Amino acid sequence: MKVSPSVLSADFGNLARDIQMINDSKASMLHLDVMDGVFVPNISFGFPVIKHIQALSTKPLDVHLMIVDPDKFVTQVRDCGAALMTVHYEACTHLNRVVQHIHDAGMKAGVALNPATPVALLRDIVACVDLVLLMSVNPGFGGQKFIAGVLDKIAELKQLMAQKHAHALIEVDGGVNAETGKALAQAGADMVVSGNYLFKSPDPQHAIELLNDL
Ligand SMILES: O=C(CO)[C@@H](O)[C@H](O)COP(=O)(O)O
């Protein structure tokens, strides 16, 4: 299982220390949640902070935009050195165009679904993206309870991907710990985002390793 630790749960007063800890861990990517206070009821951090993190990180950046109109920011996300830019299905009027712009900018493209958004809506985009991010909490905050309905959504997504000959990675985000991570691994998730469980652990690198070994 690939692991993408969520910086939202890091200690912002000791960010360099926490990024170094992730550099020295078995994490595959570094997950960065950008929030606008409109699409989600919270505001996190923006591009200057991501640039600073990019300078410190040896892991590829997995940037998750929880904002309306993400198309406006493709160039800025690219200029932050992101490897993967994920936008919400619910936030894009012209999703196919946004995905094209992300690819034209040289990044991998991901599409995210909120817990109440059905997988079937991805029918005409799933073959065009590199990753599908299934939210297992309502986005906006770390430390929320895992919504187990995502397990059925993984099965539906796998079926849809087979029909469409799609090869996107399946990433799940929200409330992921050793127990929910195990259920996600059994359901067929390829990558998990984890925040509170990892950063509040007495040994975050070991916690990353536990998820990685699932
Ligand atoms: O996108 C989000 C929350 O909106 C997540 O990336 C969280 O940051 C994950 O944190 P935990 O639920 O694992 O604490």
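Placement of Cβ uses the backbone N, Cα and C atoms for every residue, glycine included.
Note that this is a predicted model, so its numbers are computed, not measured.
Feature annotation from TrEMBL assigns active site, proton acceptor to Asp33. DSSP assigns Asp33 (active site, proton acceptor) to a strand in the three-state reduction. Under a cutoff of 8 A between CB atoms, and with a sequence separation of 6+ in the same chain, the neighbours of Asp33 (active site, proton acceptor) are Ser6, Val7, Leu8, Ser44, His64, Met66, Pro139.
Taken from TrEMBL, the feature active site, proton donor covers Asp173. DSSP gives Asp173 (active site, proton donor) a strand state.
Per TrEMBL, substrate binding site is recorded for Ser6, His64, Gly140, Phe141, Gly142, Gly143, Asp173, Gly174, Gly175.
Look at TrEMBL and you will find His31, Asp33, His64, Asp173 tagged as divalent metal cation binding site.
Cα to Cα, Asp173 (active site, proton donor) and His31 (divalent metal cation binding site) are separated by 10 Å. Listed in sequence order, the residues of the same chain lying 6 or more apart from Gly140 (substrate binding site) and placing their CB within less than 8 Å of its CB are Met35, Val40, Pro41, Asn42, Met66.
The secondary structure of Gly140 (substrate binding site), as reduced to three states from DSSP, is coil rather than helix or strand.
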